[in-house]
Amino acid sequence: MTFNSAVLMLPDSQTATLSIKSIDRTRRRVTLRIGQSKGVDLPDRLNLLPDFAINARPIPDAIATVATDQCGAKANRAADDLLARNPPRFHSGFTLPDGPDGDPVENLRNAVRAMNETVLPVQGPPGTGKTYVTARAILALVRDGKRVGVASNSHAAIRNVLMGCVDALEEGDLDITLEDVEIAHKEGQGMDPLPDWYETIAAIKRNQDQRLTGSHVVGGTAWLFSRPELADTFDYLFIDEAGQVSLANLVGMSNAARNLVLVGDPCQLP
């Protein structure tokens, strides 16, 4: 939150504008101010929205590109599988394990390597190691010469996956090292800097930064991966907390990669 005012949602679809006087990230305290003339008593718990419209571009244009393709050649096979709810399509000879047997890291590595321009959902409850497994699958693809995107609704979730990749590289049990992998994150405004031990993750501010098209692993939201200059840039796009990402945003981002890996736990959603 970097804006000075916000909109408070009230019952009966009413709203009220209030001021954000200060944000103390250490104490996790936000000081709000609302004039008495508003006649509003602030509840103990509330939801705040920015008091300005958020520009959705380039997401609608990316969705329109997919819609046009769906009416014609359907060259975006991953988007077609997503919309048609098709099961994952793999290269000849590969089948998914029937159950939870085996090493989950190796199982996911094998599955993503065998993807054939398709969608693969990866589901697991909290605490089951989704980030641990996902990071190692991403690095296995990088080792194979693939380029990987990491997306989510929040930059915090994206950072978590990217930091998981750094942690995996530092453990030294992989065939590649930190020196072999370039990781970049197109950050949002007002983000706190990364801890020093994650300094290998390049914090990108501008969409025109060449590291967004040149790094092995790139993190960003739908606003990044829906940009036309990133179309067909990545071999894989991992979407973390995918159950919270709208279908529209998934479709918009699908132009950026040939394979989509949806990681999350939809069972947590109401």
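Each residue, glycine too, has its Cβ placed from N, Cα and C.
Summarising the annotation, TrEMBL assigns domain 'DNA2/NAM7 helicase helicase' to 197-270.
Summarised as a single figure, the pLDDT of the domain 'DNA2/NAM7 helicase helicase' (197-270) averages 94. Broken down by DSSP into helix, strand and coil, the domain 'DNA2/NAM7 helicase helicase' (197-270) contains 29 helix, 23 strand, 22 coil.
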